Amino acid sequence: MKFALVLLGVCAFYLVNATGDLETELEASELQELQEALDLIGETPLESLEAEELEEARKFKWGKLFSTAKKLYKKGKKLSKNKNFKKALKFGKQLAKNLQAGEEHEPGTPVGNNKCWAIGTTCSDDCDCCPEHHCHCPAGKWLPGLFRCTCQVTESDKVNKCPPAE
């Protein structure tokens, strides 16, 4: 609550200062209202704000929040005992770990830093992938955040354009 009032005060102060050149366009009553709002914020004692926050916390229905959390916990515990769910979770964790870390394997010839990444691993260019693979970007250069580039098997129309390591 304090933060919101301070932020409102800073914004109002900024607006008042920023509109100094535009006073002719704004009506005097609007500027007066902004100034009164700033004065009101400055006059409000912090103790009353803390009391308001405490009152809001007392009115909040904590029991409902705790019962909802307890229900979610019980559902999660029940799901964790399901064998199919355990298998799917284990597979998902392993897949995420492999995609994130990038599995290394022995390259046919040295490329870039003498390491190359497994198929499906995120890459930035062909030098990240093995010589027999290439870096494929489905979204091109315009949206790499949504569709990541990955190392793929080199086909007849695609080639690894990374120069051989010296």
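Each Cβ is built from the backbone N, Cα and C atoms, and glycine gets one as well.
Since the structure is predicted, the reported quantities are computational estimates derived from the model, not experimental observations.
For Cys127, the partner cysteine in a disulfide bond according to Swiss-Prot, taken from Cys11, Cys162, is Cys162. Disulfide connectivity taken from Swiss-Prot links Cys137 to one of Cys129, Cys130, Cys149, namely Cys149. Take the candidates Cys130, Cys135; Swiss-Prot pairs Cys123 in a disulfide bond with Cys135. Checking Cα-Cα distances from Cys137 (disulfide bond) against the disulfide-bonded residues (Cys130, Cys151, Cys162) with a 10 Å cut-off leaves Cys151, in sequence order.
The local packing around Cys123 (disulfide bond), expressed as other Cβ atoms within 10 Å of its Cβ over all shown chains, amounts to 22.
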